[in-house]
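To start, the structure itself, in structure tokens.
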Amino acid sequence: METSKEFEFRPAKETSRSKSPGGIVGRLSNFARNKARHSLSEKGSNSVGGSGGSGFDKPRKDLLKEFHKCKEAQDQRLDLSSIEITSIPSPIKELTQLTELFLYKNKLTCLPTEIGQLVNLKKLGLSENALSSLPDSLSSLESLETLDLRHNKLTEVPAVIYKITSLETLWLRYNRIVAVDEQIGNLQKLKMLDVRENKIRELPSAIGKLSSLVVCLVSYNHLTRVPEEIGECHALTQLDLQHNDLSELPYSIGKLTNLVRIGIRYNKIRCIPSELESCQQLEEFIVESNHLQLLPPNLLTMLPKIHTVNLSRNELTAFPAGGPQQFVPTVTINMEHNQISKIPIGIFSKATRLTKLNLKENELVSLPLDMGSWTSITELNLSTNQLKVLPEDIEKLVNLEILVLSNNQLKKLPNQIGNLKKLRELDLEENELETVPTEIGFLQHLTKLWVQSNKIVTLPRSIGNLCSLQDLRLGENNLTAIPEEIGHLDSLKSLYLNDNSSLHNLPFELALCQSLEIMSIENSPLSQIPPEITAGGPSLVIQYLKMQGPYRGVVMTGQ
């Protein structure tokens, strides 16, 4: 079960075309997706790449034509994106009616000073160019609200930006910026600041003056500290600090009482300030990949809206102090890759909304006696622990759909496993199983059964009842035979039988698996089948079984 993506802090999605971010960011401004009716990229007759004329004269002529059309129609939006222009001619100054100008994905290295005469401009999109500076004339754009400079070559925030005090949304992601000046405090109307994926080492204290700031995205930089003044940004709902070099958070973080999401994954944080308990609007607590050994007592209990808890890849040796109450609102818990050796009895007794629990890669040796009370869970990952026994109460997890128990020390499965009627995926790789219970045949919705790298000698005939099974992995066991009932698996697409040193025969009924696309038989002797057939691969083996057995009239649609 893959969990890392599920628990990832995702304030915004990006594509190669630099679409505007989604979520709160998207609601602030979604202009990057809009296309104007005068976009040159949609007009073949005005294509800059057309033949005839010099490389400079042709685009200049086309742009002038577009400027004329725009002025004649008094259009307020002009899109000149993705046409490989390297410069903007000065007559653009005549388009004073423009409120939106898009110049995405071109080859601009500079802008003309005349752009400062577009005094009605509210949105200016310059993403995916080669800009290293901006003209001072942009300070005249007193109506400009949104400025997108993602994917350029800026090494600093151009000084003129600090003079555009009307700005509400500022995108500077994917540049080479090393610092943000104290003058950022001039942007009193700024609601969204995106400086992700730069080389910034610290934020200025003046950031505390941004009283309107709602979203602050600073991930993938080199921050070593966050100024205490961040606590003055009372409007903040999203603060993304993930993938930096932070060793601590400021105590003032507790003043951000409107905070809904805080991303601090992949830092070097050793402790969380208890003041965070004042952020009672928080819905996600994601601190993956830090150096936490514990949390402040009752921290999660004081955060009543938390639905996602991700404490994975830290140095925890026990569950957070706070008892069952701390998980009342929680839907997803990920504590993968820690040093936890025990699940306290009753810890999930009030977690009636809990659907996903990941305790992979810990030091668990047993499961609590009240495991049967985890009835809301649909996905449970306990792989890479030291479990030797599954409690019979596992049958009470009636909503379980995915169960991952790989890389433990299990010697047998309880027969009650057959009562998990909703189970779709069962992963038992790398254990010490010698048998599979007959009751496995009751799992009518099972699509994936992985039991490779065990000590299994035989399979129950009931395996033929798994009508939904698509992926069956039996490699690296001690199998001596495969039951003929395997021929009933009409949905089976992949079958792994590799590295079974005592497996000499395959049932002719295998030829009835008409959906079979992949079969691995490497390092299994299969003396029943001629070497030249096995050398030809799975497809030839299936055809051989079909021709040699009693099913030679069956048409193999999967081959």
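Residue numbering: from 1, along the chain as shown.
Keep in mind that glycine also has a Cβ here, set from the backbone N, Cα and C atoms.
Taken from Swiss-Prot, the feature region 'Disordered' covers 1-55. Residues annotated as compositional bias 'Basic and acidic residues' in Swiss-Prot: 1-17. According to Swiss-Prot, the repeat 'LRR 1' annotation covers 74-95. Sequence annotations record features per position, and here Swiss-Prot assigns repeat 'LRR 2' to 97-118. For 120-141, the entry in Swiss-Prot reads repeat 'LRR 3'. The repeat 'LRR 5' annotation in Swiss-Prot covers 166-187. Per Swiss-Prot, the feature repeat 'LRR 9' maps to 258-279. Taken from Swiss-Prot, the feature repeat 'LRR 11' applies to 305-326. According to Swiss-Prot, the feature repeat 'LRR 13' maps to 353-374. As annotated by Swiss-Prot, repeat 'LRR 14' applies to 376-397. Here Swiss-Prot flags 422-443 as repeat 'LRR 16'. Annotation comment: Swiss-Prot describes 445-466 as repeat 'LRR 17'. Per Swiss-Prot, repeat 'LRR 19' is recorded for 491-513. Annotation comment: Swiss-Prot describes 515-536 as repeat 'LRR 20'.
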> Restricting to the same chain and to residues at least six past its boundaries, which positions have a Cβ under 8 Å from a Cβ of the repeat 'LRR 5' (166-187)?
Replying inline: 14, 28-29, 127, 141-157, 159, 193-210, 212, 217
> Taking DSSP states H, G and I as helix and E and B as strand, how many residues of the repeat 'LRR 17' (445-466) are helix, strand and coil?
Replying inline: 5 helix, 3 strand, 14 coil
> the repeat 'LRR 16' (422-443): which same-chain residues, six or more beyond its ends, come within Cβ distance under 8 Å?
Replying inline: 1, 378, 383, 398-416, 449-466, 468, 473
>> With Cβ-Cβ distances below 8 Å as the criterion, list the same-chain residues six or more beyond the ends of the repeat 'LRR 11' (305-326) that contact it, or say none.
In response: 3-4, 7, 265, 280-295, 297-299, 332-344, 346-351, 353, 358
> What else in the chain is close to the repeat 'LRR 9' (258-279), if you only count residues 6 or more beyond its ends and a Cβ gap under 8 Å?
Replying inline: 8-9, 11, 219, 234-252, 285-296, 298-299, 302-303, 310
>> Give the nonlocal contacts of the repeat 'LRR 19' (491-513) in its own chain as ranges (CB under 8 Å, at least six residues past its ends).
In response: 447, 452, 467-485, 519-529, 541-542, 545-546, 548-551, 554, 556, 558
> Mean pLDDT over the repeat 'LRR 19' (491-513): what is the value?
Replying inline: 93
